[in-house]
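Here is the structure we will look at.
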Amino acid sequence: MNKTLTTLYQNLDTENIDSNFQFILFGGTGDLAHNKIIPAFYNLVARDILTNKYTIIATGRRYKNKNEYLAALYKSLKNKKKKIDSKHWKKLASHLEYFQLSFKNEADFKKLENHLVQKDKTEKISERIFYLATAPKFFAEIAKKLDKFNLLNAGFKTNNSKLVIEKPFGHDFKSAQKLNNTLSKIFSEKNIFRIDHYLGKEMIQNIMVIRLSNPIFRALWNKEHIDNIQIYLNESEGVKDRGKYYDDTGVIKDMFQNHILQILSLITMEEPENLSAAEISQKKVEVFKELADNDLSNIDEHIVRGQYSSNIIENKNSKKSIKAYREEKEIDPNSKTATFMALKLFLNNQRWQDVPIYLKSGKRLNKKEAAIAIEFKDDFHAAYTEDQKLSSNILLIKIQPEEGVSLRFNTRKPASNNKIVPVEMEFCQSCQQFFNSPENYEGLIYDMIAGDKTLFTSWEEVSYSWKFIDKIQKKCQEQKIKLHSYPAQTGGPKAADKLLEADNRIWQDKK
Ligand SMILES: NC(=O)c1ccc[n+]([C@@H]2O[C@H](COP(=O)([O-])OP(=O)(O)OC[C@H]3O[C@@H](n4cnc5c(N)ncnc54)[C@H](OP(=O)(O)O)[C@@H]3O)[C@@H](O)[C@H]2O)c1
């Protein structure tokens, strides 16, 4: 079991996990468990990666017994997958247990402890993984109860239990620090796995490979050759039924503090000396520290905040009205929460000085698209630019929905008098026949069992990213940064386009 996700993906053949682990899933009846965690386990079973020893103990209140729970899980899995293989499902179901438990009821934790000890006697458990797939307000409370009721050590000589914690980790630096102080009294940092599910995405894991295993990019990955960097995570959906959570969070905490800054750190960090989780994390931390040191005094010129308004989308045969953010379920009708943000920033280091980095994310935009665009400097031979304007070289790393890479370069138009036209060289990973990209959670679960923390965020990364986000929030308040309105299902506020036009550039998703 020494293979990590990287090797797993390079070779989609079986790499067995043969440790006898207990996976205790708090929030086992919730949306995340139904739609991500259990389907990921199903896939691991289908790919024959899990052997016969493990147990998943899902906790929740809403189902009375295992049969009810399995029936509900099966229904969710059926909605998600076109086809369920009954052989794989039966195998997974035989490893699943349901334990009715309320976070508020201490007796339930005591019962769980007895249950774990009993199981350990018969099954010789090698390790426990406690997964908190619950609302963040319960994170500290559950961890304290795990400690109080001896659930980490129950039946074990040494405590080697892991804690997996969903996002968001705090809602600002102070709350994140408080939560971390609580957790670190119970679990060592080595055993705390903070999830940022974007890190499990195929193309995010590909960033370092593209950067470091291709000399043509490696040699050019600096201010001498790169004109600007763009990262955009555009969503077409609204807040759905997460209104209450989103209105407190907004795009800045929902997308920037975690996913966008994580991507930014992988793109801009210095080269790690090796591929250990600790080394990579250290390099990322250097980026987060620099961000947190940014003085942001002219943020008013570098930021655009927006919130979607209602819109009517007319197609040939239909007319669809889309609600404004403030009309959505559980949203304050006077809400000032930003559902869109664009930000221009710089990193003041030797590699990136004066290279603008443009970040953007929003809800209810006209298309779902997440990508990273690296635009190279227009360093053309003068002979070719005397009578024509050439396009710059652009490396586009496509994260979703399409996964792949494209490279724009210039070529001679056939049968022309040296007229030059841009062409795109495309690698579409997700279009490849027989390639079925593993789901984010599949790899993340594999790695947490294997103990590889590369795809999880360290406390240092989280703490500096919060410091940076807190600073932006504070500056926005002090400088009363405007909240632009943009019609739902469009390209976002016009001001975001002007942010780049002022620099004679355009967003690569708008070209
Ligand atoms: N859903 C997603 O796609 C998604 C994506 C990324 C991150 N996340 C994060 O994952 C976490 C879980 O989200 P979710 O969408 O799964 O939430 P959810 O659907 O509301 O599920 C909450 C879970 O917590 C349990 N629970 C709530 N109060 C409880 C109590 N007092 N005692 C015992 N169990 C209790 C619920 O069980 P019962 O109702 O059965 O008691 C349920 O299993 C959150 O931190 C969220 O931010 C979710």
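Note that Cβ sites are derived from N, Cα and C of the backbone, with glycine treated the same way.
According to TrEMBL, the feature domain 'Glucose-6-phosphate dehydrogenase NAD-binding' maps to 24-206. The NADP(+) binding site annotation in TrEMBL covers ARG61, LYS167. What TrEMBL lists as substrate binding site is HIS197, LYS201, GLU235, ASP254, LYS363, LYS368. Look at TrEMBL and you will find 208-508 tagged as domain 'Glucose-6-phosphate dehydrogenase C-terminal'. If you look up TrEMBL, you'll see HIS259 marked as active site, proton acceptor.
TrEMBL feature annotations superimposed on the structure.
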residue: ARG61; record: NADP(+) binding site; contacts (Cβ under 8 Å, 6+ apart): THR29, GLN100, LEU101, SER102
residue: LYS167; record: NADP(+) binding site; contacts (Cβ under 8 Å, 6+ apart): ARG194, ILE195, ASP196, HIS197, ASN258
residue: LYS201; record: substrate binding site; contacts (Cβ under 8 Å, 6+ apart): ILE399, GLN400, GLU403, ASN440
residue: GLU235; record: substrate binding site; contacts (Cβ under 8 Å, 6+ apart): SER361, GLY362, LYS363, ARG364, LEU365, LYS368
residue: ASP254; record: substrate binding site; contacts (Cβ under 8 Å, 6+ apart): PRO168, TYR246
residue: HIS259; record: active site, proton acceptor; contacts (Cβ under 8 Å, 6+ apart): ASP196, TYR198, LEU233
Residue among the binding-site residues HIS197, LYS368 whose Cβ has the most other Cβ atoms within 10 Å: HIS197
Residues among the binding-site residues ARG61, LYS201, GLU235, ASP254, LYS363, LYS368 that border ligand 1 - Cβ under 6 angstroms, in sequence order: ARG61
Packing count at LYS363 (substrate binding site) (other Cβ atoms within 10 Å of its Cβ): 26
Integer mean pLDDT for the domain 'Glucose-6-phosphate dehydrogenase C-terminal' (208-508): 95
Among HIS197, LYS201, GLU235, ASP254, LYS363, LYS368, the record's substrate binders - longest CA distance, Å: 20
